[in-house]
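In what follows, a structure is listed as structure tokens, so that the remarks can point back to it.
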């Protein structure tokens, strides 16, 4: 039984398109980018005459003509002696040799006809939407280059074997995934969601093998909650090679190494800058006077490198503790993490690191635990150094190790400024400069970096924690508020703009959904996330001049 999947040709200004109801494609001269990988027993009929004396395609006579025809037995259209209407459901296009000559002559005449005059009547109406060859090629190219979709036969098998009266009754299917490469099953849940999801996951492996990942997500555009309590759920299906992150490449390892070396340099630079009262005057003038043009001899800084190393070690130690905290919690939960990509910064030594999930997170509780572990570990070490440094700063025996810093630096954080004021006293803080131990600087920078990374926005640790604890909708609201406060300079002071740009460029996208993206986290996790965000705001909120003067944090009148 002959079936013509597609036929398209043009004669001068006339375009002819034939399409069957089985499959639709188009072509230009040659195969091009279409590939036609799914067409079995197909043929390109070019310049062949059938046994009836009809010219099927005259190659070169038409501008573009490609015809695909096949039957269920592998015979080509035009090779059979008899084609009765009962044996063929295809749309066939045959042109006699005389008609070809006439149309070629008409084409030559049409070239001489002015564009405003039609050389023939336009009584041909296309069937269905008309796409030019470039558009069809683009559609096919996107399909070939895009992520591999779920096999329709597997979808039918999963619906028959997995879903049913005892688990989940499917009523509708929709596209799932960023590019619609998966299937979202909508319907009615027939049991406790966690038990049903666990049962479906085990049955999926038995039916299809290690081929797909099944996600339990909230039903989009749900009209109401589930009668059993909680939101209505749906189940999404994606191929593993599409849903799971790829392995780390050699190029990524090289980038991570280069960034770490730059972070070491920026940390040493921070240690040198902390000794500003000891540096040569020409160096200080070059970095503090905006009118200074000629750079000094940088070899003058070499003697200060050794004394800068303790502060650099402190900054790097906070970064390493942060990342170790992530890995220690992720490992027992079988969550894979990427290598950290450290971000150097000359003001704080580093902006932290970008660490990606290299496996799908099983549930939201795991996402909260892994996200909070790093900041809590880094903050614990940072606050320890900060507290010890303050105690050493008030100890007369450690006077030789102290460095002089402008007191206005303590106005950069309401929380840390109040702690410093309570420890060092009014007399020490209410001055133009304050003598502090380098550990105070290391702890201050570590706490500030940790607070920036705990902001509830995007794919930062704070954003992941908010998304896991309160859902993606809450993250959108927190994110907009954070961007607004950063843009106004309310949080972070002079670092708000560079940090906001960094987040927009590198960390703006939220984390992908967990396998179980519905089950709520415990109350204590939500309380921990809320407390962490509150401390972040207090850490990054600057002290305004009136309050600083009243509390004795810095000598405001001198600036």
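Indices start at 1 and increase along the chain as displayed.
The backbone N, Cα and C atoms fix where each Cβ goes, and this holds for glycine too.
Source: prediction; values computed, not measured.
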73-124, 125-176 - the range that TrEMBL marks as region 'Disordered': 73-124
Positions whose Cβ lies under 8 angstroms from the transmembrane segment (475-505), at least six residues beyond its ends: 343, 345, 347-348, 351, 412, 448, 452, 455-458, 460, 463, 466-467, 533, 537, 540-542
Top Cβ-contact partner of the transmembrane segment (341-360) among 372-393, 405-424, 436-455, 526-544 (pairs under 8 Å): 436-455
Interface-richest range of 250-272, 372-393, 526-544 toward the transmembrane segment (405-424), CB pairs under 8 Å: 526-544
Among 250-272, 372-393, 526-544, stretch most in contact with the transmembrane segment (300-321) (C-beta, under 8 angstroms): 250-272
Confidence summary for the domain 'Peptidase M50' (312-471), mean pLDDT rounded: 90
